[in-house]
Ligand code: MRU
C-alpha cells in the first residue's frame, strides 16, 4: 500500500540483492525509517523486539532470516541453528513456525552450495504469496461489506470496528482485516472505521496511520469504547485479524479481541475474522487450553511512547514507581463468538467442518 503516495511493502530485498529491508515499526506512526537487516541474528531481533510485527509479516521476515543465515554458513548445523534461533523469537503467531517449517523442509535435502539461492527464492515466494492471499481476503470481505451497505439506507456509512493492526503493516501488503476495508473504500462504499488504540503497544496507531494515508475515514478510540458503541448501534460489523486459529475455529489474536467479540455477540453485531490459511494451526484444537500466550515486558504496560510538545519522541512512565505490571499480548476468542472467517478462498463458518472443507488439501501439517 502507500506511504506519502508512494507504494511500499513492509519487507523487501536491498539494492545489494541480499540484505533485507524493513520499516522500523517501533518508530511508526511518528517517523518512517528503514532498517537494513544483514544477519540472521538481526532478523531474529527484528521479530523479537517488534521492529516488525503482525503474524504474516513475522513469517515472511523469518523466512528471509533463514536466507540471511544461509549466506553466512549453509551447513546442516547452521541451518538448524537458524531455525532454533528464529522459532524462539515470539511464541504465539503460528505463521512464524509455518514459514520456518516450509523453508527448513525445502532446504534440508539440498546441498549446502544451493541453499542460499533456494532460501532467498523461497522467502520471496512466501512474501509474494502473502500479498496474493491478503488481496483475495480483501475481495472476499468486500462482498460482506457490500451486503451490509445494501441493507442500510442508501448513502449511509458502514461503520466497522477493528482491534490491533491487521492492516498492510502487519503483512507484506494489503493486510488481512483491513484489506476488505481498502477494497470497499476503493469501490466507492462509504466506510468509517472505529480503531481501537490497542494498549499497551498501541497497534491501533498503526491502523490509524495506514487508514489516514489512504483517505479512509476513521476514529481512534480507547480500548473500552467498543461495547458502548455497539449498544448504541454505531458498529455494523467488526473485523479483526488472527495470530493463530485452531482446527475447530478458536481465534487467538491481540489482547482485548475476546472482549470485543463478547460485546459483539451481546449486541448481535457480526464479528468476522480475516484468516489467511497459513494462520491455521491444524495441530491445535482448544485455543484457550493449548495456545501459548506471549507475556512481554511490564515496561510496555507502564510506559507510553509519543511525541512531546517540543516534537521529540519520548518514552514516558505512567505508572506509580515499582508497580507490578502484567503484559499478556494475546487472548483467545472461542469459535462460537465468531460469525465467520474471511479467507483467501472465500467466507466460511467458524467451525471445524467448515474449515476442514475449505482447506481439505492443507490439513496435514509439515513437521520440521
Ligand atoms: O503483537 P503483534 O503486533 O505482532 O500482534 C499483531 C496482531 O495481533 C494482529 O492482529 C495479527 O497478527 C493479525 S494481523 C494480520
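Note that Cβ sites are derived from N, Cα and C of the backbone, with glycine treated the same way.
Site annotation (TrEMBL): substrate is bound by 53, 54, 55, 90, 253, 254, and the candidate from 203, 301 recorded at this site is 203. Within the same chain, residues at least 6 positions away in sequence whose Cβ sits under 8 Å from that of residue 90 (substrate binding site) are 47, 48, 58, 96, 294.
Of all Cβ atoms in the shown protein chains, 28 besides its own fall within 10 Å of the Cβ of residue 253 (substrate binding site). Cα separation, residue 253 (substrate binding site) to residue 243 (active site, proton donor), rounded: 5 Å. Shown in sequence order, 58, 93, 164, 165, 166, 170, 241, 243, 329, 330 are the same-chain residues outside 53, 54, 55, 90, 203, 253, 254 whose Cβ sits within 8 Å of the Cβ centre of the substrate site.
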